[in-house]
Each structure stands twice: as structure tokens, then as C-alpha cells.
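**Student:** Sharing a structure here in C-alpha cells format.
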Amino acid sequence: MPGLLENCERYFGSSDLYTVLGVRRTAGEAEIRRGYHKTSLKVHPDRVSEEEKDEATLKFQILGKVYSVLCDKEQRAVYDEQGIVDEDSDAISQDRNWEEYWRLLFKKITVDDIKAYEERYRGSDEERTDIIQAYIDFEGDMDNIMDSVIFADIENEPRIREIIQKAIKKKDVPAYDSFVKESKKKRDQRRKRAAEEAQEAEEMKQELGLGDKDDDLKALIQKKQKDREKELDGFMAQLEAKYCNNSKKGGKKPTGTKKGKK
């Protein structure tokens, strides 16, 4: 029977666990969970056709095992040092219901839940912590920071930049050149991309006659699966990973005080 690394190579094109989840080898717990959520959304058995369900289920199970290894300190240390995984460990060998496990990590949410959480999150200490941690993780690259922090849209970029600038002034974080010397051209390109994504989302809603209700959101996802899955999969996965992530639950919040290299 193929092991976890062999299955990763076969079904995801790489035997590297970090590559499978799309995260860095230095990724912290929150980034690993975000990567797992984003990748698993693409192959969730409920989001594919009947013909693809068996393979999607297998991929979903493989991703669960990858996440179990990388979120276990001892398992991850062995993998990082030796490039192997313990196939007999509980994280891999136990007969786990991966769908229930996934739901424990990422509870089902509604549009109203998202809106309510957004109101609580913006301007909170939690948001500031996430912004500062993203700044450190990505060494000041605003493109990655804006993609990483939930609810970070282009209209809020000045406020996010101000939070980072205050942290730099207080010497809580390093002054990365990629942030303090970011060119106007790069900022303009980021704003242009945001405008194009917003326009695409609005056109898609109008094309399908959808609004903001839960049933409309569900219909949008189902329609996307059938007619435009390949074209929009990355776009929708990004939105869901950004707005539907429940990674804060049960995880240790980053302190935002560790130092990175300039």
C-alpha cells in the first residue's frame, strides 16, 4: 500500500508536504492551517461531481494526514530532519473520519456570520496581531500581507499600513525595505488587481442572478463547480480561505514580537 509521501506525489504532484499545502517550510501553525483549509476546499467531496467524488475523497483524506503530520511538533521535526513520516503514528494510521475532523477545525458558517465577525474583527487587537505577524512572516511584502490578513481589502490598505508604520516607529518590528521603500508602481498594480477581482465577482453574481443570501452563495458555488470550475477554482478558493477561515479557534495567537531578517 502506498505511503503518505507516495500518495502526495501521485495525487498532488509533489512528495513535499509543505508544497502540497502551499505553505513555506518555516510556516507557523496559523499559516499551515490556512494552507490546509484553502487546499482542502478545492478537493472537498461535496464540491465535485459524482464522477470525481471517489478521487476527491481520497485526496481529502491525504490532505488531512498531511495536516496532522505538520501540526504535530514531533512528527514535523522528524519529517524536517529526515524527510520521512511515521506511517504507524496515530496521526496517519488511525481510522479517522476526516470530514468530521475538518468540520471541527472549520465550522460551517453563514453570510451573516461572516459579516458579524468582520465587524468585530476590524480594528480589534486580534486584527492588529494578525497584521503584524503577516508583516513579519512576509518581511514587509504588502502583496502577501494583503492576501494573508482576512478582510484586508484595498480600501483598508492605508489603515493597515498605518498600523505597521506605528509598530516600526515603536521598534516592535524591523523596518523591511520591501515595505518602507515599496514603489508607487507596485501599489498601483495591487489596486488595479483588486479592482479587476471586484469587477469579476460582481459580473459573476449578475450573470447568475445571485444576491447575498446563504442559498444564493450555495447556488453560486454549485454553478461554479459545474460550469466554470477550472477557470474560477483558484479565485473562489482564495475568497473562501480568506473569509471562511476559522483558524483562530484553538490556536495560539502570534505575539508579533519575533524578529525577522532585514
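Note that Cβ sites are derived from N, Cα and C of the backbone, with glycine treated the same way.
Unlike curated entries, TrEMBL annotations are predicted automatically.
Sharing the record's features from TrEMBL:
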COMPBIAS  183-193  compositional bias 'Basic residues'
COMPBIAS  249-262  compositional bias 'Basic residues'
DOMAIN    16-83  domain 'J'
REGION    179-210  region 'Disordered'
REGION    243-262  region 'Disordered'
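Describe the structural context of these features.
**Tutor:** The helix, strand and coil residue counts that DSSP assigns across the compositional bias 'Basic residues' (183-193) are 10 helix, 0 strand, 1 coil.
Confidence across the domain 'J' (16-83), taken as the mean pLDDT and rounded to a whole number, stands at 87.
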**Student:** What does the DSSP secondary structure composition of the domain 'J' (16-83) look like, as residue counts for helix, strand and coil?
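**Tutor:** Helix/strand/coil tally for the domain 'J' (16-83): 54 helix, 0 strand, 14 coil.
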